[in-house]
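Okay, structure first, notes after.
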Amino acid sequence: MKLFGLIGEKLGHSLSPEIHNKVFKDNNIDGLYNLFSVKKDFENNIVESLKCLGVKGANVTIPYKEKVMDQLDIISHEAKAIGAVNTILIKDGKSYGYNTDYYGFGKMLERAKVNIEGNSFFVLGAGGAARSILKYLEDSKAKKIVLVSRDREKAFKKFKDFNINFMSYGELEEINEEFALINTTPCGMYPNINSVAVSEKVIKKFKVAVDIVYNPLETKFLKMAKDNGLKTVDGLFMLVGQGVKAEEIWNGIKVDKSTEEDIYEELKCRF
């Protein structure tokens, strides 16, 4: 039996086991997916512990996505650029780090038939969640990428390695029509379901609204967007997509789209 798992500090409500167990079942993989709650006292020994336990692959969540990078032998190009690893592969005694949030975001937009190349994207929020999204948009040849944050100067210092523009929320109110608006802030996430990062006036200026929040599935931001005729994309498929990509890395397989859809539909019932 192959051993896999999720590494983090507080893991009680993780949906990851459901994603991975479905992939195991559909691909006849004799696998076990565990939750590994790691105290901060042991954060410097994560990779060695995985090797000792015989773990083949692991997902990594907060607060260890950055901390684990120094412990890895090889880090993928996207994880280096993003500055965070959320997937580890142990193979032939070596450890490899990837960022599958990057791929999960791409899978989410591809499924929703949102074209990136040649279009403009405005990203709300300058937290860690924005990094994989900005990198994917950059690599996919978006015409214009704008990071919107409360502190423009602070955001510039934090994201200066990206080929993007910067804007404050006040400046966002004055823009003309653009293509897509992406929320990477926790606004609208349960239990704060009535919060939204931008006004309806701003939302109306876009054709597409994307929210990486998935609890609730339809946030207030997406509800406002839908009511104003925008195409809307919820964040649940990004979660599914990043998990599926991890499985493809660990097991050298290509997961069928039917499996991805089944996982999405099963998880959708939870919200």
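Yeah, the Cβs are placed from backbone N, Cα and C, and that goes for glycine too.
The NADP(+) site recorded in Swiss-Prot includes G125, A126, G127, G128, A129, I212, and the single candidate from G104, G188, G235 that the record places there is G235.
Between the candidates N45, N86, N115, N228, Swiss-Prot assigns the shikimate site shared with S14, L15, S16, T61, D101, Y214 to N86. Applying an 8 A CB threshold to same-chain residues 6+ apart, the list for D101 (shikimate binding site) reads I82, A84, N86, A129, S132, M238, Q242. Among the binding-site residues L15, T61, Y214, the ones whose Cα is located within 10 Å of the Cα of G235 (NADP(+) binding site) are Y214. Listed in sequence order, T184, T185 are the same-chain residues six or more apart from G127 (NADP(+) binding site) with CB atoms under 8 A from its CB. DSSP assigns A126 (NADP(+) binding site) to coil in the three-state reduction, placing it in neither a helix nor a strand. Taking every pair among G125, A126, G127, G128, A129, I212, G235, the residues recorded as binding NADP(+), the greatest CA to CA distance is 17 Å. K65 (active site, proton acceptor) sits 10 Å from G128 (NADP(+) binding site), taking the C-alpha atoms as the reference points.
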